[in-house]
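Positions annotated as region 'Disordered' by TrEMBL: A:1-25. Per TrEMBL, transmembrane segment is recorded for A:41-64, A:84-116, A:128-152, A:182-201, A:297-320. The domain 'ABC transmembrane type-1' annotation in TrEMBL covers A:91-316.
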Amino acid sequence: MTSTPVETTDRPPQAAGSRISDQGTSRVGDKVFLGLSRGSGIAVLVIMGAIAAFLTIRAVIALADNEGNFLTTFEWNANAIPPKFGIAVLAFGTVVSSVIAMLIAVPFAVAIALFVTHYAPRGLGGPLTYVIDLLAAVPSIVYGLWGALFLVPHLTDFYVWLDEYFGWTKILSYDGTAPRSLFTVGILLAIMILPIITNVSREVFAQTPQMHKEAALALGATRWEVIRTTVLPFGRSGVISASMLGLGRALGETMAVATVLSPSALIRPQLLEAGGGTFAQNIASAFKEAGQYGRDALIASGLVLFVITLIVNGAARLIIARRKEYSGADA
Amino acid sequence: MTAVEDAVAVPAGKDPLGIQHARLPRWTPAAVAIGAIVLAVVAGAAADLGNKVQVGLIAGLLYVVGTFAVSAAVEGVRQAKDRLVTVLMWGAFLIAVIPLASLIWETVDRGKTVLDADFLTHSMNGVLTIGPGGGLYHALLGTIEQVAIATVIAVPIALLTAVYLVEYGRGRLATAVTFFVDVMTGIPSIVAGLFVLSLWIVILDLGYSGFAGSLALAILMIPVVVRSTEEMLKLVPNELREASYALGVPKWKTIVKVVLPTSVGGITTGVMLAVARITGETAPVLLLVFGSQAINTNPFDGTQASLPLYVYQQWANGNQASWDRAWAAALVLIAFVMILNLLARGIARWKAPKTGR
């Protein structure tokens, strides 16, 4: 009887002893594990640094021999002797096609996100979210194939119609050739980034505090007024960052542009007509014929694309991070 | 006070209390729609518009305007705006469905023409690109090998990084890693391809191979897996960790035996979604694996084929027989990606961590 309490009082020192010996081995285990996981984190930083470093090394080699001005030359003759190439056409095409894509995709994405969260009949919202998720996973080459073999031939009539009524703007005039143009690329990019922007916007809209919405309803607001006064202000920064994520994807999209666009070294205001180019498309199209020097030149243009997407994505993340700081207060 | 009394007095119509707006009956939208269609067809016939799309657009426009006008006249401008926005939301949704549905429909419809057992089990070796025949076996094999190698490289790094961020991460290093993982998510796939090109092929001169492609795919995969794993690890209740510490279990063992098993479902889902994403990446494969007509089972030596690259190259051949093959390969690719997605989401639902009630 008395032995049991004695045993229990005995136990702590024993347990403590065993814990100390455990600690010896576990400290090694902890150190190894911490080292491994911290090392992986550092590896991520090293990869990012290496990407910037190696692209820069090759780009510097390419730019040293360039006969043209890298920023203002139109043509891309990196394999010629002496090499002459510039990113003017590529920068113009990349910006124009991405801007067109954003102008089309963002309003639609916001409308669809609102539709899914606030307008869709009960029971339709969940499956729709699921389908949008799946569409965001469709590979870009499939969009490219569809764009080149289905979208391009079907846009001719629409462009003829645009030319008839808006041809006087020069921007929307159309000469009847196959519409493998920057405008078509913009439309295709809009379709591609629509699911992503919709998804992120939807998540933000769904987080609108119920109290805000009910307060607006109690004041007699209609459904649209509820959205305008509570959901949209709450979700504004979310929509901005979602759009910038979409923009980042549109800027770097390669295959869909490479299949649809018929490239040329021209900057023209006629966006409906074939011609132009983008950074990513140029890399994919010119790569096969590129020699050692041509590759370095392509790497130089890739470095520009890398910096641009870095800035766009970094800005998007900073907006999201700032939003996190104040969203907790009024939840 | 008078303002309030005025506001109450204004809508004094049918109801004695004077606090209700006039409402349109439930059949109004249907009536406006029928009216709009009839008007559009009549106008189309009168102006001799052969194009059905134009008639449809006119009908749609008439419906929008009609809804607003009728509602504004009966219910007031605020209600009319609400109805207008509702119509526009539905319209935006329906318009957006058209291209996305067409994409799936065209791929299935055109892809099934040449897709059969022969197509899945033969390569393009010795097949004339201008004629029918051949298959995608070599591409399928290449894709599976490249994606498998990329997964083996990326997943350990990504899992450990996520563990570091959630379980250990404090201070400047963790902030930097979080930020750069986010930024890395947005790296265009072609830039990842160019990086490996400059390092592996230009500087080290190791030549095109499936493995070079895997390196680029791994770079694209790491940030995706880190993000999803991070979210999952954060969902593990702290009580579980504390219970484990209270039993004297060291931290690393707590992570390996308690935290990771609890979130294994979510982590698997994240990995599968990442695999689905890199399977469809074409640009880095184009730069690093280069493509091949024949079967090459060795990913470490010589050029290989890959499914998305196969689609691109068959499209570039520019004839109907090749386009048929491109559609069929696109269908296989979409099916593969969709099945992975559905499986991943199924696992997520089945193995969702129990976060208390």
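Glycine residues also receive a Cβ, built from the backbone N, Cα and C atoms like all the rest.
What TrEMBL says about a protein is an automatic prediction, not a curated fact.
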Query raised in the report: Of the stretches A:128-152, A:182-201, A:297-320, which racks up the most C-beta pairs under 8 Å with the transmembrane segment (A:41-64)?
Result: A:297-320
Query raised in the report: Going through A:84-116, A:182-201, A:297-320 one by one, which has the most CB pairs that fall under 8 Å from the transmembrane segment (A:128-152)?
Result: A:182-201
Report task. Determine which residues of the chain contact the transmembrane segment (A:182-201) at the Cβ level, with the cut-off under 8 Å and only residues 6 or more beyond its ends counted. Result -> 93, 96-106, 108-110, 112-113, 116, 129, 132-133, 135-136, 140, 143-144, 147, 151-152, 155, 159, 235, 238-239, 241-243, 245-247, 249-250, 253, 256-257, 260-261, 271-272, 275-276, 278
Query - Intrachain neighbours beyond the transmembrane segment (A:84-116), with Cβ under 8 angstroms and 6 or more residues off its ends - result: 66-78, 125, 128-129, 132, 182-183, 185-187, 189-194, 197-198, 201-202, 205, 227, 231, 239, 242-243, 246-247, 250-251, 257, 261, 265-267, 271, 276-282, 297, 301, 304-305, 308
